[in-house]
Amino acid sequence: MTLYLDIGNTWIKYQLERPGLAPQQGRVESLNDIDEPVDKLVFASVRTKQATRALLSCFLARGVPCYEAYVSSSAELSCDYDTPATLGIDRWLAALAAQQRFGDCIVADAGTALTVDWVSGGRYRGGVIVQGLQQSVNNLLSGTHLVGEVSFDSLPCVPTNTAHAVGLGAMAQAEGLIDGLRVRWQTDAPLVLTGGDAPNLIRFMDGRAEYCPNLVIEGLKKASLREVK
Ligand SMILES: Nc1ncnc2c1ncn2[C@@H]1O[C@H](COP(=O)(O)OP(=O)(O)OP(=O)(O)O)[C@@H](O)[C@H]1O
Ligand SMILES: CC(C)(CO)[C@@H](O)C(=O)NCCC(=O)O
Ligand SMILES: [K+]
């Protein structure tokens, strides 16, 4: 069985490809939570080399072949980043998968960080990195004396309580960022959303985006890979 891992800033998203069965997928904090037999591992990690190695050590010690995705221009998608090796692999893989599905597009990955990237004409053009929705709310709450629940559900147009004021603020900030970049980049390419907070954002943006839950893992399946020993 092949185990695909998207090792993010906070969570590890996985997909286990099982012959003759539907793939099993989920989100875990630690790999100890995956106890199926694995004979090949394919991963992308935004964590340090040391932290990633430590995480994979149980597989490496058992001799499971481990392959890491890296940024590599191809005929389908070339990379405009100044130094492609420093582009977050999650951004590259999401762009690769989104381009395959939608062609030219804007890809937003709403996780611990929020990244908004632009793919056009077979090129990964670049994009921005800001704090994610939850992170932005947490920073606000920790830097002020605000208290109370924050809600991302059933947000009204004009908030009349604190939970909605903070919730709508975070959503509208993300929406405004994406709309602003669209103007700057002069593109009306479709918006593709992924990441843990994408379901909240997609509801907020009603119909103005495509939701793809596992873009990074999809990208892993078409990425250039190198073996990690
Ligand atoms: N069941 C869940 N458990 C944890 N976080 C969740 C869950 N559902 C949605 N979220 C949201 O997902 C966000 C985390 O995003 P994601 O799962 O994409 O990965 P990450 O590894 O933390 O971040 P990144 O993709 O930036 O590396 C959190 O801010 C949280 O608000
Ligand atoms: C921006 C994050 C943190 C988003 O997960 C990740 O893609 C990353 O660590 N990137 C490296 C820096 C860059 O993309 O320029
Ligand atoms: K992300």
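Backbone N, Cα and C define each Cβ position, glycine as well.
Curation plays no part in TrEMBL annotations; they are all automatic predictions.
In TrEMBL, the ATP site is described by D6, I7, G8, N9, T10, W11, I12, K13, and among T86, T112, T115 the residue recorded at this site is T112. Listed in sequence order, V107, D109, T115, D117, G127 are the same-chain residues six or more apart from R91 (substrate binding site) with CB atoms under 8 A from its CB. Checked against ligand 3, the binding-site residues I89, R91, D109, T162 give D109 in sequence order as having a Cβ less than 6 Å away from one of its atoms. Checking the binding-site residues D6, I12, Y81, I89, T162 for a CB within less than 6 Å of any atom of ligand 1 leaves no residue at all. For I89 (substrate binding site), the Cβ neighbour count at a 10 Å cut-off comes to 22, with all displayed protein chains included.
Its Cβ taken as reference, T112 (ATP binding site) is surrounded by 18 other Cβ atoms within 10 Å in the chains shown.
Straight-line distance linking the Cα atoms of I89 (substrate binding site) and D6 (ATP binding site), rounded to a whole number, equals 10 Å.
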